[in-house]
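Asks: Sharing a structure below in structure tokens format, with a few things to ask.
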Amino acid sequence: MHYALDENYFRGYEWWLMKEAKKRNPNITLIGLPWSFPGWLGKGFNWPYVNIQQTAYYIVTWIMGAKQYHDLDIDYIGIWNERSFNINYIKVLRRMLNYQGLQHVKIIASDNLWEPISTSMLLDSELLKAIDVIGAHYPGTYTVKDARLTEKKLWSSEDYSTLNNDVGAGCWARILNQNYINGHMTSTIAWNLVASYYEQLPYGRCGLMTAQEPWSGHYVVEAPIWISAHTTQFTQPGWYYLKTVGHLEKGGSYVALTDGFGNLTIIIETMSHRHSMCIRPILPYFNVSHQFATFVLKGSFSKIPELQVWSTKLGKSSERFLFKQLDSLWLLDSNGSFTLELQEDELFTLTTLTSGSKGSYPLPPKSQPFPSIYKDDFNVDYPFFSEAPNFADQTGVFEYFMNIEDPGEHRFTLRQVLNQRPITWAADASNTISFIGDYNWSNMRIECDVYIETPKKGGVFIAGRVNKGGIWIRGAAGIFFWIFANGTYRVTGDLAGWFIYALGKAEVTAQKWYTLALTISGDHSSGRLNGKPLWTDIRVHFPKNGWAAIGTHSFEFAQFDNFRVEAHPDIHREP
């Protein structure tokens with residue numbers, strides 16, 4: 001909800017993503033967790049608990065809208081990602097969910113550390129009753145005593161966040177087992193699902209797989225996907241861990257799960273320290289070496305005649321394989337006992353389930369750089385998504401927009417639609433900005449039609465060689481060409497506008513279209529307004545490369561049209 005009373009259940013890509021997930025697995029769990037909130041909820045404060053009824057209502061309408069507009073049932077809802085929780089807010093949220101007939105929606109808290117949420121729950125019976133799951137982030141496989149004393153489900157509700165190479169795969173294999181063994185956690189959620197954002201942004205390629213080239217269609221099914229399969233193909237939510245889980249004598253670990261109807265899945269990992277370090281927390285040293293491990297099936301499991309075997313070996317490329325089915329184990333003559341030879345960096349799943357399969361997929365298109373000439377006129381009658389392709393909003397929201405009163409060439413535009421700063425999770429910039437292109441671009445020409453909506457105070461920019469984004473966006477450097485409604489222009493070396501190359505008067509006012517052009521070649525840059533040189537030959541030494549960008553001076557309405565960028569090693573400076 002960009003503004004109070006503004007309910008739109010068709011923004012962004014998450015609705016589409018949830019529906020695509022449900023097509024593939026109708027039973028998949030859906031969880032909502034706010035990272036930030038619309039600014040109007042804070043009434044001038046960067047705080048979502050100013051009016052807890054209103055914030056709860058905002059969250060509950062989102063859950064109801066998911067059902068009403070997309071037939072999606074949200075199973076769990078969180079409080080505020082890695083930020084403060086408010087005890088009264090959690091109680092009000094629970095009461096409001098119940099009042100709306102959403103008793104089945106469970107609450108996770110607090111998506112931060114184990115404390116102070118666990119102690120708060122032990123001291124407050126209503127809070128204890130309201131929360132279904134204690135979710136901690138990056139717990140390093142351990143929990144705390146008070147969390148266990150609540151007798152609630154314990155989850156690692158965000159984990160992994162590691163480059164998706166073989167070390168990331170080893171990290172994921174180790175914590176999927178040891179979060180339960182060491183910390184009694186019955187769910188581990190990876191951030192993030194698919195790395196579909198420019199790789200040079202913070203946490204590049206920290207997804208279970210990579211799909212970061214929508215312009216080429218290239219993607220990579222990375223090793224962590226097949227690590228996941230070792231657990232997720234042979235268990236389901238609702239299965240139970242057995243109490244007989246633990247660490248192996250010479251390093252590594254094993255878990256066992258059952259559906260309660262006779263099926264059994266055992267998962268064994270021997271990830272070495274150097275091949276399983278996650279991004280956080282620091283991993284104390286341990287040793288893993290070659291060993292033989294003997295398992296004995298007892299009770300009702302002693303009658304299991306055969307176990308399917310799936311295996312992964314990370315490490316040396318000559319011996320490496322991912323999620324391979326091996327010969328099954330026959331147990332009829334062995335009184336339910338079997339011995340495995342284990343080397344380091346291996347993963348085994350032994351299971352009664354015969355449904356395992358290594359999915360296949362067509363060869364993805366070849367990897368290609370972002371096109372060196374790119375243009376978008378935003379002329380889309382009925383956009384499938386609210387946002388234009390390839391633009392990556394870092395602060396603010398840039399959406400397709402239709403000017404009802406403009407029948408001319410600016411009927412369809414891209415518009416920055418936030419008019420106040422959100423209640424932020426990270427340190428967003430004070431300006432809005434959206435990136436596009438290739439981080440390695442150096443010489444480029446960017447051209448865009450711009451329209452300032454705010455009289456006197458408004459301002460917009462186009463930029464090149466922008467070098468930082470995500471949580472570091474406030475510190476982004478580059479070459480920024482600004483025009484302002486008060487009839488001035490600026491050229492700055494940073495988004496914040498501290499480093500000024502040039503400033504002066506320009507024939508610019510609000511509510512009129514202008515064409516800006518920025519040329520950067522080697523150490524020189526120049527800018528044009530409506531085709532005429534406004535400033536020339538400004539020397540720029542830093543940064544040497546980065547993305548192209550558009551944006552606004554503050555959280556203000558502004559429009560952009562006919563965007564065009566040309567990146568070449570041979571763009572020469574304009575005369």
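Each residue's number is its place along the chain shown, starting with 1.
Any Cβ shown, glycine's included, is placed from N, Cα and C.
Take a look at what TrEMBL says about it:
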{"type": "ACT_SITE", "residues": "Glu82", "note": "active site, proton donor/acceptor"}
{"type": "ACT_SITE", "residues": "Glu158", "note": "active site, nucleophile"}
{"type": "DOMAIN", "residues": "1-233", "note": "domain 'Glycosyl hydrolase family 59 catalytic'"}
{"type": "DOMAIN", "residues": "241-356", "note": "domain 'Glycosyl hydrolase family 59 central'"}
{"type": "DOMAIN", "residues": "393-567", "note": "domain 'Glycosyl hydrolase family 59 C-terminal lectin'"}
Asks: Since the record lists Glu82, Glu158 as active-site residues, which of them has the fewest other Cβ atoms within 10 Å of its Cβ?
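Replies: The active-site residues Glu82, Glu158 were compared, and Glu82 has the fewest Cβ atoms within 10 Å.
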Asks: Distance between the residue listed as 'active site, proton donor/acceptor' and Glu158 (active site, nucleophile) at the Cα atoms, whole Å?
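Replies: Given the Cα positions, the residue listed as 'active site, proton donor/acceptor' is 10 Å from Glu158 (active site, nucleophile).
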Asks: Limited to the domain 'Glycosyl hydrolase family 59 catalytic' (1-233), I'd like the whole-number average of pLDDT.
Replies: 98
Asks: Could you tell me how many residues in the domain 'Glycosyl hydrolase family 59 central' (241-356) are helical, how many are strand and how many are coil under DSSP?
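Replies: Its residues divide into 5 helix, 51 strand, 60 coil.
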